[in-house]
Amino acid sequence: MGEEAPEFRVESVALESKDCLQNAIDIGDKTYVISRSDDPKSSITIKILDKLTQTWVVPTVLGAPPNPTSSHSAVLVNNEKILIIEKGVPLNDSIWFLEVDTPFVKQQSKIKGTVVVAWSKGVIGEGQKPIVISGPSGVGKGTLIAKLMKEYPSKFGFSVSHTTRAPREKEIDGVHYHFTERSKIEEEISEGKFLEFAHVHGNVYGTSVEAVESVTDEGKRCILDIDVQGARSVRASSLEAIFIFVCPPSFEELEKRLRARGTETEEQIQKRLRNARAELDQSNSPGLFDHLLVNDDLEACYENLKKLLSLDDDHEDSNDSFIKDGKETACYSILSKTNSEILLQSETNEAEKGTTNLLSLDLSLSGGAPGRTRGLKISPVN
């Protein structure tokens, strides 16, 4: 139930008062009011005015909000999300999106039976696509991944999975797993915060969106070593990734490798073979995997994997250069918007550190809540 609106109309402009700064954005028959008090430690609040019924609604807010600052500027993007630029914050930390009518928000609203909005941090540049590697037990995918990590330690990283099981001896929370309560992981799964999950021996295991995003934030490509069912779940999510299936030259060769381990009983081997046959059958599902790698010879397979990942290509995105040059340390606010771009104006003295006074923000977006919104392109306006 909403509360009756007071007898005043909120316009689609920034409203400043002694106590707060508000941005009111009209989208159809609703006005989204984004408010904060002038206390820099306060968080942003969201209220929605239904203009047809003149009632206020306080939505369920998903995702972590921007860090508290004194003020912000805002503008509507694609009629489905609101771009927020935090004032007084370096550019690379100041860009946020409040999703109000995206597919993710619509899905969550349907699940929860209430009005939902969601925060997503904006990131300049695309970032490297994560890599999903699947394959039956014994095919050698673990060895291939280990070789990648050894040769390119600064380029690749693993996401840390979540589990509800108790830590084993010498296991460290946040290093081996994120150990969590069942109620919490189930709640986050329902909120779409997990790319994939499975119930194993009474416990829940899963890969969260944040675990993958945090690796990308470090400038590395995240590797997900998951089974075919997990790969199917990731493919169905909003995450843009490269999907690779590693297969044996023949089923007989796979059985030979499993038996050569000498670490499992006949019953365990037969179970692994049954699972392997099912995974090999599923690997041919249309649209599931981008590449199939046959691991007949380990070194040859590894070289083919590196070619797939274009590891010899040292191309640098112009946005990466912009960030590395330190130009993102200046503070900006929204000046104007056109159909294809948003102009940002520097709040820093133009003579300081060679700061560019005007920047063009091209909104070629990818991703979004519950993860980051990537693909923002920045260029100076001469």
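Numbers here mean position along the shown chain, with the first residue as 1.
Each Cβ is built from the backbone N, Cα and C atoms, and glycine gets one as well.
Lifted from Swiss-Prot, the feature list:
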type     : residues                                                   : note
DOMAIN   : 128-310                                                    : domain 'Guanylate kinase-like'
BINDING  : G135, P136, S137, G138, V139, G140, K141, G142, N295, D296 : ATP binding site
ACT_SITE : R168                                                       : active site
ACT_SITE : R261                                                       : active site
ACT_SITE : R272                                                       : active site
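Features as recorded by Swiss-Prot, highlighted on the structure.
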residue : record           : contacts (Cβ under 8 Å, 6+ apart)
G135    : ATP binding site : K141, F245, V246, C247, E279, N295
S137    : ATP binding site : L258, R272, N275, A276
V139    : ATP binding site : V246, C247, P248, L254, R257, A276, N295
R168    : active site      : none
R261    : active site      : G138
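Following the DSSP three-state reduction, the secondary structure of R261 (active site) is helix.
Fewest Cβ neighbours within 10 Å among the recorded positions K141, R272: that distinction goes to R272. Reduced to three states, the DSSP call for R272 (active site) is helix. Mean pLDDT across the domain 'Guanylate kinase-like' (128-310) comes to 93 in this model.
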